[in-house]
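**Q** Quick paste of what Swiss-Prot says about this protein:
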type	residues	note
REPEAT	76-109	repeat 'TPR'
TOPO_DOM	1-128	topological domain 'Cytoplasmic'
TOPO_DOM	150-154	topological domain 'Mitochondrial intermembrane'
TRANSMEM	129-149	transmembrane segment
Amino acid sequence: MFEKAVYPALEELQQPLSQEQFRILKDQLNSEEPTPSAQTKFNYAWGLIKSNHHKQQEYGVQILTELYKSEKSMRREVLYYLSLGSLKIGDYTNAKRYVEALLEIEPENQQARGLLKTIDDKITTEGLIGIGIAGGALAVGLGLIGALVRKNRK
């Protein structure tokens, strides 16, 4: 998903937890029901984001969003992982918004700066790919129109 990672957190994010590790997080969450601690929810969300399954990654981002709203003391950590999770699911707009919010709190945070650079690079790459696809589609369309015009002249 990511080329050579700017920093270790991106590389680590690509490695899902083992089934056993994930089961431990889920068991901890279940053992604390009906009101699991914020840290337990955070750990579970982190495990979900590391997953290779898009729905689990989205659920992890959802849990972190809820934690951001309810746990003021965890906002710094939550913003960082919200940004990572959003990046992983391809939601670059929110990924950038979250990391920029973190940089407002901690302007010298090198991890956040590296993450912002990675997000900006992904946005640029995706934009160029989109332009290339649109340009290719336009060329094919113009070619077809040209062929039809030539055919109708005969």
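Residue numbers in this text run from 1 along the chain shown.
Backbone N, Cα and C atoms are what each Cβ position is placed from, and that goes for glycine too.
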**Q** For the repeat 'TPR' (76-109), what are the DSSP-based totals of helix, strand and coil residues?
**A** 27 helix, 0 strand, 7 coil
**Q** Which value does the mean pLDDT take for the repeat 'TPR' (76-109) in this predicted structure?
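**A** When the pLDDT values over the repeat 'TPR' (76-109) are averaged, the result is 95.
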**Q** Per DSSP, what is the helix/strand/coil residue tally across the topological domain 'Cytoplasmic' (1-128)?
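**A** DSSP composition of the topological domain 'Cytoplasmic' (1-128): 99 helix, 0 strand, 29 coil.
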